[in-house]
Structure formats: structure tokens, C-alpha cells
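What follows is a set of notes on a single structure, which appears directly below.
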Amino acid sequence: MKTLLLTLVVVTIVCLDVGNSFSCYKTPDVKSEPCAPGENLCYTKTWCDRFCSIRGKVIELGCAATCPPAEPRKDITCCSTDNCNPHPAH
């Protein structure tokens with residue numbers, strides 16, 4: 001009986017853990033959304049375009065399996081906890 005109970009507890013924990021998903025803020029809606037399996041990083045990418053002096057930097061938020069590579073004139077930060085990439089203006 002103890003073995004059956006222990007088995008049920010382990011199965012329950014495994015099933016609950018599978019149901020949990022990693023979430024990040026994503027643009028354009030700037031809302032928290034689940035990431036695809038294997039994407040366990042959130043990123044924030046900012047840069048200036050030709051309208052930067054009028055509206056500020058362009059901001060891209062999303063999920064990634066690895067931190068996006070550096071790009072000229074773009075600031076990229078990554079983090080590894082749920083919703084750790086809020087919009088800088090919020």
C-alpha cells in the first residue's frame with residue numbers, strides 16, 4: 001500500500017511539473033505569454049531607428065533558447081526567470 005501511495009505522489013508531482021511552462025513578456029502586445037518548449041530565457045532588445053528622437057528606442061521582448069547574438073547598435077539583455085523582461089517603460 002505504501003508503494004502505491006508513493007507511486008501516486010511521484011506521478012502527481014511529475015504531471016504538475018510538466019504543466020508548468022516558462023513565460024516571458026513578448027511584443028508587440030507586451031503581455032506575458034508561455035514560451036515554446038526549450039526556450040528558457042527571456043530577452044529584451046532595444047535600438048534606435050530613424051524615429052528614435054520622436055518616440056524613443058524600439059523595444060523587442062521575447063523568449064529564446066539561447067541569448068540572441070550581439071548586433072551593431074542594439075542592446076540585448078537576457079534573463080532566466082519567469083517574466084523577468086518587463087517593458088522598460090512600464
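Note that Cβ sites are derived from N, Cα and C of the backbone, with glycine treated the same way.
The recorded disulfide partner of CYS42, taken from Swiss-Prot and restricted to CYS15, CYS24, CYS67, CYS78, is CYS24. Nearest to CYS78 (disulfide bond) in space, judged by Cα atoms and limited to the disulfide-bonded residues CYS35, CYS48, CYS63, is CYS63. Neighbour count (other Cβ atoms within 10 Å of the Cβ, all protein chains): 13 for CYS48 (disulfide bond). In this structure, CYS52 (disulfide bond) is part of a helix by DSSP. Mapped onto three states, the DSSP output places CYS63 (disulfide bond) in strand.
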